[in-house]
């Protein structure tokens, strides 16, 4: 039977105490096929009861539970009869609230630590080795477990690394099972989700699509919706999902600012408009944007100009449409989490629709606001969007304008666009496109002496940036095979005008950012 709302799914909620890893916990649970949400630590008991979760996870956090102002939970949460897992600060909080003792550690643990499972019957460690390495990040520790709890694991500097109360189904781990640095972290979370909470893996993208289509139709009725289409993954998937739900009641405004990658605008129109039938108005505004950028060299100023101009073009087109009641945007769950509030009233500037005039009164519709990025990609493929479009490289809103260092001109954009197309073509030919997080070319504005044919040249340099990463927060430069780099370099110099040198960026993030501007 199809699910019609979120209450039809088994779910495990994560209460947020400020850990840098809190989103990861939610992602890991969803990866198991179980719906999960990250919610405020002070979520009311009434709301928790209404959600009827199969389990609750307390995230880690930077506070000390014994300090004034430390983040707390309503003590009634321990009387709900719902399984609870405390991670790091979450374990300390549960221990403290239930009568245990938490103190500052003599030796803080940050990074890898080896633990020993001391209880062979520990449910969280069922089927796992007695000795394993985990990721610790704490300055406090539990020095006395609450009454009714047993210690199930220890480390050299943390004698109480895990605790359990099997009767009440309360568990705590001092380490971060959600990060990949914990050897069997995912297995520990699985044991909690399936063996302790008895949750069913019934969260599927097919159900989500059906649920969202029903919700969109109910909310929109016979009214009209507009969407600012950037050509990126989020807005493209939003447009396709809305079209599936309401057809031509949706109008997508695609502002082509001339800073897109080679053939990208045409590819978007082919995939979404011609193949999938989405109603799109394409505005060719390349000259308008270039005129505004003339003489501008500061990267932040370029971003602001492009963002402001995008809004103005979008506004002009939106005003031409009659009787529009809804504005759609591709807000993701990460945006909702980062805002810390209900973002239903927030227009996101990075979706290029921020700053709408006060006389344009739209109700906001955000069909992706419960999904993470990789779930959006899965949704896009389910909706029939071409694989290459769904899995395209991350691309900044200002586009190639920030890959041309200094002033942006039509000739410089052409150089970056052509060199980037060559890079992507050779990476794809080498079968490396799925192994590299992001790769692109930049025009740093450096000119150098070269020799081409029998003559001396004084032309531009192209920089190649290719990185590997898991989440984009940190990144290493990709170790591309020399023969692939050689082919890329040769083709760029041969096929791109005014280029006589190619360099490869071998800097990690940090200290560098992935983009050059």
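Backbone N, Cα and C atoms are what each Cβ position is placed from, and that goes for glycine too.
Annotation source Swiss-Prot lists active site, nucleophile at 88, citing sequence analysis. Taking a C-beta cut-off of under 8 angstroms and a sequence separation of 6 or more, residue 88 (active site, nucleophile) has the following same-chain neighbours: 19, 59, 60, 61, 137, 138, 173, 174, 175, 176.
If you look up Swiss-Prot, you'll see 176 (among others) marked as active site, on the strength of sequence analysis. In the three-state DSSP reading, residue 176 (active site) counts as coil.
Look at Swiss-Prot and you will find 178 (among others) tagged as active site, backed by sequence analysis. Counting every protein chain shown, 28 other Cβ atoms lie within 10 Å of the Cβ of residue 178 (active site).
Cβ environment of residue 233 (ATP binding site): 373, 376, 377, 380, 389, 390, 392 lie under 8 Å away, each six or more residues apart in the same chain. According to DSSP, residue 233 (ATP binding site) is assigned to a helical segment. As annotated by Swiss-Prot, ATP binding site applies to 230, 231, 232, 233, 234, 235, 236, with the evidence given as sequence analysis.
The domain 'Glutamine amidotransferase type-1' annotation in Swiss-Prot covers 11-202 and is backed by sequence analysis.
Swiss-Prot lists 203-392 with the feature domain 'GMPS ATP-PPase', giving sequence analysis as the kind of evidence. Residues belonging to the domain 'GMPS ATP-PPase' (203-392) score a mean pLDDT of 86 in the model.
For the recorded ATP site, residues 230, 231, 232, 233, 234, 235, 236 set the reference point as the centre of their Cβ atoms, and the other residues of that chain within 8 Å of it by Cβ are 229, 237, 238, 330.
Long-range neighbours of residue 231 (ATP binding site) (same chain, six or more residues apart, CB within less than 8 Å of its CB): 254, 260, 264, 265, 268. Between residue 236 (ATP binding site) and residue 178 (active site), the C-alpha separation comes to 30 Å.
Residue 178 (active site) and residue 235 (ATP binding site) are 29 Å apart (CA-CA, integer value).
Geometry remark: residue 230 (ATP binding site) versus residue 178 (active site), CA distance 33 Å.
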